[in-house]
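Features of the protein shown, as given by TrEMBL:
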DOMAIN    23-288  domain 'NADH:quinone oxidoreductase/Mrp antiporter transmembrane'
DOMAIN    290-344  domain 'NADH dehydrogenase subunit 2 C-terminal'
TRANSMEM  59-76  transmembrane segment
TRANSMEM  96-115  transmembrane segment
TRANSMEM  152-171  transmembrane segment
TRANSMEM  178-196  transmembrane segment
TRANSMEM  202-221  transmembrane segment
TRANSMEM  233-254  transmembrane segment
TRANSMEM  274-296  transmembrane segment
TRANSMEM  317-344  transmembrane segment
Amino acid sequence: MSPTIYTIILSSLATGTIITMTSHHWLMAWVGLEMNTLAIIPIISTMHHPRSTEAATKYFLTQAAASALILFSSMTNAWSSGSWDITQTLTSPSHILLTMALAMKLGLAPVHFWLPEVIQGSTMTTAFIITTWQKLAPMSLIFLTMNNLSTTIFLLMGLLSSLIGGWGGLNQTQTRKIMAYSSIAHLGWMATVSSIMTNILIMNLLIYLVMTTSVFFSLIISKSKTIQDTASTWTLSPTLTIIMMLSLLSLGGLPPLTGFVPKWLIMEELILQGFNFMTTMMALSSLLSLFFYLRLAYTTTLTLSPNTTQTKFKWRFYPNTSAVLLSMPATVSIFLLPLTPLIIL
């Protein structure tokens, strides 16, 4: 794809998200989501391969169905209440339709099946866009309509997503699929807190975006498509192995790192609200996720690739990919824990 066309498509992608985030009219929000979907289809299908075509088709069908549900729920709401305003109270059928549509847009369980398949069929850069930027528009709609959406449904969806995100990733060898299940698990944590405290939701989303960016750039620079590929990262850059390990552990939510902040605050908030059993289940589900993050961290830092050592001095060559974009997210995703009191205030 030529740089000009790629720039136009990326700007359309950004415009679609911004339209949705800034709109107060359901029709404009729907237009933004459609722009967003149509802009990313050519990005997914840039690889001329049956798998990328299949991924683009799956993505289009699920997102078009979710957009149609959003339009239908807003139309039924306008029919009964006479208002197209996003912040107005929704009628009962409308808010159930909207909850399912937004869950499908994000990839929350039980409508998460498209996400691992689409991410596996696209390039690492496209997978990065789908797991980060594409979450902003639906999340902004959840933030705007949270007062009207069902708390019970979101709590159940959140718990189910964190469990499925942990279980699904256990058996995977492809780094993109692991990141897809990681995304489902993190979205589960966000869904549980969305109906209780929206400022923790925003903080969790921002920290998730930074940590995922850090891990994805590490994988892109090291060209690691499978777990076995990560074992040869040390030949590229010893520093990268350390950054990648710390970013993965942060994504798992281990205490001295940034990733612990959202889990700590969400669990504290859930306990304050009296959801003790749910908090326990969420904590146990994060252990499942932690297993595959630890496995990736272990193969990256403590395992030597079973290949012959002809690539021993690969780090001496000048790298093709710029690591500038990795430096800032990696720093934030590792060292932000001491700033927690400032984040809370």
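From the backbone N, Cα and C atoms, a Cβ is placed for every residue, glycine too.
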Would you say the transmembrane segment (233-254) and the transmembrane segment (96-115) are touching, if the rule is that at least three C-beta pairs must lie under 8 angstroms and be 6 or more residues apart?
no
Calculate the per-residue pLDDT averaged over the domain 'NADH dehydrogenase subunit 2 C-terminal' (290-344) and state the result as an integer.
77
